[in-house]
């Protein structure tokens, strides 16, 4: 009885049908890029200071400049020898009292007490949602919540849509998640208060994760085995392309609500995927719907200009055992070690990747140019992976990418502020390293677990990615309020640890995928069996060759 992989060989492993489906679904990561890292522009905190209505009236009557009114409203702070003003304090001055003239040259406010103000701020330009709701100073953590609630939605979506896709199919899961994205994204653009924003943002994250998972799995399941790795990397490249487009959109669309509409409205067009994208035949076979799977595969073969033989049934591919459980991932020593190391790397990749992206918004440089430059380095990451993993292996590039990212973060933290371009180079190298690590962790995760718990292992370990996404905004913005470079030091340390831990994982290049836990716990025996099998195969090939020659 043939398997679906056998059918794909006849129907075409990556023919016109698969290319059409990939071209359509690969546009979804472009939208997801804006959803995932759009906080850099939507939650950007511009230069701000306390607003005193009495000073505003005085400025209008006396003809003061904006600089004069700011100097008389908020105290100055020391910062590298330059004059800067506090963002969250103001002088306690009664500007309506008599005796205060328009001449401010002789006015000495150095001994005037200051107080913290929690509302009524002035901004140098109106752009992000935090300017609409005054989410600065003591309320600045609400901006962190904007991204964290998205990751909460991601985490819930991982479990919900994982079950939904296995129970009801990839195509229906894709349709539902796209509908959730379109509705929650557009609602997010019009809600009147910040609590509603957080609720809608959580729903948006819920749908976005389901959309990403369903489209990625569907593409992987309809192409041949030899194309899966390349298709996966190209899918990631489309996300990087969306990251590059983001600053261009944000430059011309300066209102966060309209930017949100741009992120959400295109999902309405993707509802057409239900008619242009077939259900996964591999999933149909797993649900004992071989006739429907054969019908779809025949249609794929016809579009690929191939002819499919007549089959009555298709054998189900080997996958997770129904008896697989979470305990299988931690019951034995080496499985426990692998689970811990991979989970920590998922967590580190999310924290450092998101942290480096969001840090662009608080460094004080040109937001759009700095973001674009650091985004461009993501493209070489995919090429480096393609050229190294089959030549060098998985473990060394995986470990070195984390270590390079950590070293770059630490270097950028201690480079003098005046050396702007050197800081930028270090940041770009760090972004390149962590991007490679983020893409490598998925490859290694799928190759290191035995077959019957492989999907479960990837699902469990990757949930730490969403946990890292919840923590990253607080880690960046709250620590940066203490010292701007402190988050970089934390990123560097955790990346170094993650890279060092990778050396404790086995190399998977050229090694058959393990089938049982014994293959993990006793690798020498497993490798020897694989070696003996190869020797046996070579021996029989040699005997066949001799028999042909002697004839």
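Just so you know, glycine gets a Cβ as well, placed from its N, Cα and C.
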Residues flagged as transmembrane segment in TrEMBL, choosing from 105-127, 197-219, 289-311: 197-219
Range among 46-65, 66-85, 486-505 that TrEMBL annotates as transmembrane segment: 486-505
Of the residue ranges 316-335, 396-415, the one that TrEMBL records as transmembrane segment: 396-415
Contact between the transmembrane segment (20-41) and the transmembrane segment (340-362) (3 or more Cβ pairs under 8 Å, separation 6+): yes
Per-residue pLDDT averaged over the domain 'Major facilitator superfamily (MFS) profile' (22-510), given as an integer: 83
The transmembrane segment (258-277) in contact with the transmembrane segment (172-191), cutoff 8 A, at least 3 CB pairs, sep 6+: yes
Residues from the same chain, set at least six apart from the ends of the transmembrane segment (197-219), whose C-beta lies under 8 A from its own: 18, 21-22, 25-26, 28-29, 32, 35-36, 129, 145-146, 149-158, 160-162, 164-165, 170-171, 173-174, 176-181, 183-185, 187-188, 191, 231-232, 235, 264, 267, 277, 280, 466
Long-range neighbours of the transmembrane segment (145-165), counting only residues six or more past its ends (CB under 8 A): 35-36, 39, 42-43, 129, 172-173, 176-177, 197-199, 201-210, 213-214, 217, 283, 354, 358, 459, 462-463, 466-474
Intrachain neighbours beyond the transmembrane segment (486-505), with Cβ under 8 angstroms and 6 or more residues off its ends: 337-338, 341-342, 344-345, 348-349, 351-352, 355-356, 359, 395, 398-403, 405-410, 412-413, 430, 433-434, 437, 444, 448, 475-476, 479-480
Tertiary contacts of the transmembrane segment (172-191) (same chain, 6+ residues out, Cβ under 8 Å): 35, 157, 161, 164-165, 197, 200-201, 203-204, 206-211, 213-215, 218, 257-258, 260-261, 263-265, 267-268, 270-271, 273-274, 277
